[in-house]
Every structure is written in C-alpha cells, then in structure tokens.
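According to TrEMBL, the protein carries these features:
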DOMAIN    2-135  domain 'Photolyase/cryptochrome alpha/beta'
BINDING   230, 243-247, 283-290, 380-382  FAD binding site
SITE      314  site 'Electron transfer via tryptophanyl radical'
SITE      367  site 'Electron transfer via tryptophanyl radical'
SITE      390  site 'Electron transfer via tryptophanyl radical'
Ligand SMILES: Cc1cc2nc3c(=O)[nH]c(=O)nc-3n(C[C@H](O)[C@H](O)[C@H](O)COP(=O)(O)OP(=O)(O)OC[C@H]3O[C@@H](n4cnc5c(N)ncnc54)[C@H](O)[C@@H]3O)c2cc1C
C-alpha cells in the first residue's frame, strides 16, 4: 500500500491544488499535514514582528476551512507544531510514507526549510515538489527565470505572446486518510497576539478560507458586476467596491490564480470583455513577475541596495520611523493609510505606494524597515510581492526610475473631497476638503473656526515636504 504525506504550506485549498491531487492519485492513503513552524513568528532584525494578528486570524480560519473540506472527502487535516525538518520525518516514519508532496516557493527562508526537509527524510521517501501559486507555471516561461529580464513590460509581453495558462486540476472526490490524532489549529492567542477587533471602516472583513475567497469573487464579479470597471476604479481608497481584494486569499493559497483567470474568461464570455477585465489578469502578471524575480535574485531582495548596483545611504531614525508606523507624521494622507493598515490589516495599492515612497524617498529611511513593518501588519503579506514592491518603490528594485510619489498632489488627486483622510483621522473632520491635506497651512483663525489644533490634537508635520521634494528634484 502506498502512503503519501501532503505538506500544506501557502496552498490552503482543495480546488486546483496539484500537490494534493497528485498525491491522492499516486497513493492509497494520504496524510494532509500542516506544520506550525516557530520560525514564522517572533521578532525580526528590524525590531518588528514576523506575524501580526490579522494574518494570524486569517490563517486560522483558512486552516479550519481546509480541515472541513478534507473531512467532507473522508479525510482530515493533521496539525503538528515544530520545525518541518523535524516534524516531516517523524510523521513520514510513523505512517511509513513512500513520499512527501509539497508546494515549493521561491523565498529564501521557505527554500531553506524545504531543503532541510528533503535532507532529513530517509532515502526511501521521495520528495515531490509542486509549483502551484502563480498564473503561469515556472516551467512554461519563455526563458528560464535565471535569464528573465528585470523589466516588467518586455517580460509580460513575451509571456502573453508565448505562454498559456495551464488547465485547472480537478479537486479529489475522496481523500482517504489514516486514523491519527488531528491536532489543534493554532489560535491567535497561541502566538501571543490579541485577536483583532473589527472596524466598520474596513474595506472588508477578510475571512480566511477557500469558500470565503470564492464568495468574494462571486460578489465582486457576478453579483455586483464590478469587473467591467476594475481598471477605472482600482485606485480607490474606501469600501469594498474598488479593486478585487483577492490578495489575502491569493497569499495564503486559498484561491488559485488560474481559477481566478478562468472566472475572468467566463465573465468575458458571459458579460463583457474590455480593458478592465484584461487589467485584472495584467495585475496577476505583476504578481507572477515578482515571484519569478525572487527565484532569480533570491536574498538580494533583502539587501539595502536591493537588486541594483546603486549606493544609497539610508537613515536609521527610529523615532521618525515610529511616527510613520503609528500614523503620526502630520501628513494626513500618510497617517490615514497607516492607521487603516494598523486597524484592519489592509491598505489600497495607491496607499501602499504613497506611504512607501514617503518613508524611503521623503524621510530617506531604510526601506527594509518599512517592508518588515508591512510583513507584520498586512493580512495579505507575501514575501515576493511585498519586498519586490518595496524595493521598486525605494528605487532599488525592478523598473526603478528613481521616481518618488508627491504625496500631497496624490492626496489631492485621489482624495479630492478629503473623505478618505477624515474617515481615518476624525480629528480633521471639520476642515474643508481644499485644506484637509495640508492642515499646517491653516491660519490661527481657520484653526479656531474648524476646531483643529495642529500640534495638539493632530501632529505638526514631521518634515517640510514641499522643500524636500524640491531637493529631490534638484
Ligand atoms: C509597498 C507595497 C507593498 C505591497 N505588499 C504586498 C503584499 O505583501 N502582498 C500582496 O499581495 N500585494 C502587495 N502589494 C501589491 C498590491 O498593493 C496588493 O496586491 C493589492 O493592493 C491588493 O489588493 P487587491 O487584491 O484588491 O488588488 P487588485 O488591484 O484587485 O489586484 C488583483 C491581484 O493582483 C495582484 N497584484 C496587484 N497589484 C500588484 C502588485 N503591484 N504587485 C504584486 N501583485 C499585485 C494581487 O495578487 C491582487 O490581489 C504591495 C504593493 C506595494 C506598493
């Protein structure tokens, strides 16, 4: 009798999961396993935490749902605590496994763990890796990732011209599993974190799991018919209707990008095919690009100068960094975005670009501190998407043109009525829209009239931003 262990990592789904499907096909019995690795939490070298409460809760919900899905198929999800390098050989030995099937990912620590597991498995247990988290398969690229270009557009065009997306893999009908102690799915408090409280202002209550992810697509594509206006509205800041919000489910692997792609095609057949529908796939290609860039450059993405041959002198001013992180810079657009992140675990793409540019360009602070802070806070944190985008924004990554975001004009353009900043900074509610992005310019009379006291109930700006932008231009 053949037995296979299926080691779930960031692929917490049953639909279109080749790792699970191949194991079920090859073996008579499978052991679906999730390992709670102590190295995934704790303090980083930047003084931040690796795991925050929003992502911990999302993962718990995703694991509970995966367990329920496997139980519906006659199986279960076994949860064990410890280093995968120790747990996998133990479990494989206990069930006399012939093989371990696992998702493979490009990030450095994940790869090290994977190599460690392979080395500690006995020789007669084969280690089967599956690449399952991108739209295009790594083996189908026009050039191998080692030789891929570091610039997005030519790479994307070559992929669109020369590759096709593979078909979905059907979910197994049955998952025959031996009788073993199940093990508890970790709670948020097991990580020493406090469960997050919900906030009415959040764009969504992100609920982990494959069916919640599918429900979000159902709502966004089919019920509310938003895909037809995706590109036009994706730079929004408030509410569920702008952009798909698929990122947390993609990051945990609750949704497969190929499944989303198939739904886009179905929408294009049944409703409308336009630039907006194409643009969602275009964004999934950005996601793929960073994954393959990580395969190519590996740990260089964690260097202060990133993947580029530039020498930048980064500031390491802890006090200024803390003001940024806590949303207390006195620049409303930055503060509103950071407070949203801190309260809800999510921030729009427009917000992320602006706060990242503010930290790295305007304050000149080591962008890796910001990336590490996002790692702690984001519900959708993904190594490649996060560090790749941060490096890009800091001018040390891909396509970098040393362009900074002028946060003040961005705020005035994308939040002309000040609705976004006053949602997250109620202390500025009384200030009229034309002044709300620059409260420091208010006269004494205006301050009294609008009931705002910069320096008392809202901070004075941490820097003279306009002067700083002049310097950057000069
Ligand atoms: C500094 C910075 C840090 C970021 N960190 C992360 C991160 O840790 N995890 C993460 O998933 N995204 C990250 N992003 C990318 C992007 O901001 C989010 O994917 C997006 O805002 C999520 O919302 P959405 O699902 O509604 O996106 P949509 O606009 O609906 O896009 C659909 C999907 O495409 C992908 N996508 C879109 N834009 C990008 C992009 N620029 N790079 C990579 N993939 C993209 C995401 O998977 C997203 O879910 C970061 C961007 C910046 C500027």
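Please read every residue number as a count from 1 along the shown chain.
Backbone N, Cα and C atoms are what each Cβ position is placed from, and that goes for glycine too.
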Practice problem: Using Cβ-Cβ distances, find the residues under 8 Å from residue 286 (FAD binding site) that belong to the same chain and are at least 6 apart in sequence, listing them in sequence order. | Solution: 152
Quiz item: Should we count any of the recorded positions 245, 283, 286, 289, 381, 390 as near ligand 1, judged by a CB under 6 A from one of its atoms, and which?
Solution: 245, 283, 286, 381, 390
Quiz item: Just the number: how many Å between the Cα atoms of residue 289 (FAD binding site) and residue 390 (site 'Electron transfer via tryptophanyl radical')?
Solution: 14
Self-check item: Among 314, 367 [recorded sites], residue with fewest other Cβ within 10 Å
Solution: 314
Exercise. Would you mind listing, in sequence order, the residues at least six apart from residue 245 (FAD binding site) in the same chain with a Cβ closer than 8 Å to its Cβ?
Key: 203, 204, 206, 216, 220, 346
Self-check item: Minimum Cα separation from residue 381 (FAD binding site), reported as the residue among recorded sites 314, 367, 390 that achieves it
Solution: 390
Quiz item: Out of 314, 367, 390, which of these recorded sites is nearest residue 283 (FAD binding site) by C-alpha distance?
Solution: 390
Quiz item: If you skip the near sequence neighbours and keep only those at least six away, which residues in the chain come within under 8 angstroms of residue 230 (FAD binding site), Cβ to Cβ?
Solution: 243, 244, 276, 277, 279, 280
Quiz item: Any idea what the Cα distance is from residue 314 (site 'Electron transfer via tryptophanyl radical') over to residue 367 (site 'Electron transfer via tryptophanyl radical'), rounded to a whole Å?
Solution: 8
Self-check item: Cα-Cα distance linking residue 390 (site 'Electron transfer via tryptophanyl radical') and residue 367 (site 'Electron transfer via tryptophanyl radical'), given in Å to the nearest integer
Solution: 7
Quiz item: When DSSP states are grouped into helix, strand and coil, how many residues of the domain 'Photolyase/cryptochrome alpha/beta' (2-135) land in each?
Solution: 56 helix, 30 strand, 48 coil
